Every structure is written in C-alpha cells, then in structure tokens.
Amino acid sequence: FREQPIFSTRAHVFQIDPNTKKNWVPTSKHAVTVSYFYDSTRNVYRIISLDGSKAIINSTITPNMTFTKTSQKFGQWADSRANTVYGLGFSSEHHLSKFAEKFQEFKEAARIAKEKSHEKMELTSTPSQESAGGDIQSPLTPESINGTDDERAMPEVTQNSEPRPEPTQNALPFTHRYRFHSH
C-alpha cells in the first residue's frame, strides 16, 4: 500500500464464523495494527489490517455500513462485499470510541464522495450540453426548446456541484450531525 494510513489503532481482529454466523473466530493471534486508508485512485476509504503480510481486513467503507459497539471494548461492522462481519477487540474503551468516531467520519466522507461521483456521471452522460455549453444548442434542436424551463432552473443546481463552495458543503453534514446530538 503506497497510501499513508489516516488513522491507526491496535486491536484484536475477529471474523464471524461463516458457518454459524454466531461465533467469533480470531483472525489475529495478538493485537495488530488496524488502519484507515484513503484510496485516492478510487476515491474510497478502506479499513486494512495486516497480520504479517496477510491482509486480515480489507474492507471498503460504504455509506450504508454501520459500526456497532457491542461492549465497552468490542465493536463490529458487516462488510457485504466480503460477505462477513469483522469484530475488533480493543484494550480500552477510549480506543474503541476513537475508532467508532473515525468510522462515522469516513463513512460520511464516503457518502459525500459517492454523491459527487454521481453528479460527475450525470454531467458526463450529457455530452451535447458539455461540449456546446447548452445555450448554443437550444435554438438548433427542437427538443431542447421544451427544456428551456429546466435550463433556467439549472444554474442553481450546477453551482452547487461546482468545486468552489466545497468547504461549506463538507462542513454541512457535520454540523447537522452534531446539532442532532445536542438535543
């Protein structure tokens, strides 16, 4: 992995027994480093843990994942792609809550990244507007005349998806989240 870990901690790693889906099977004999990585090529966040050279966790964080604290020092999350549930045993409650906090943070980042990539896809899927800038096109093609109202409403939408106001965009979900907590 060329990427630098964004956050690392140490924990005992477990995976759910695939047969019973009830028992935990330890995948590390002792506490190992568990790290969050940001994969800039795919724009995804992953949780990776290596035991020696073997990756015992390689889990891409998706917006619909949930990290659950099942006891004061143990937490788990389900990875549907790997078709398993990972469990982590921490040495202290503090380490567990720190890990859970980061999970929440990167999950939120994953959600924003996902929405952004959807926007990008929608923009690239209309090449005619991209290349000619939309307006030049409208007098030429009859179908776009019906679309003039939409186009008038468009600028608001496109401004939001421009990279410029990013800091406020990124800050929004976080402030929302904390506002809910304070009630």
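Think of each number as a place in line: the chain as shown, counted from 1.
Even glycines carry a Cβ here, placed using N, Cα and C.
The annotation compositional bias 'Polar residues' is assigned in TrEMBL to 138-147, 157-172. Annotation comment: TrEMBL describes 1-110 as domain 'WH1'. For 114-183, the entry in TrEMBL reads region 'Disordered'.
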Tally of DSSP helical, extended and coil residues in the domain 'WH1' (1-110): 18 helix, 53 strand, 39 coil
Whole-number mean of pLDDT values that fall within the domain 'WH1' (1-110): 94
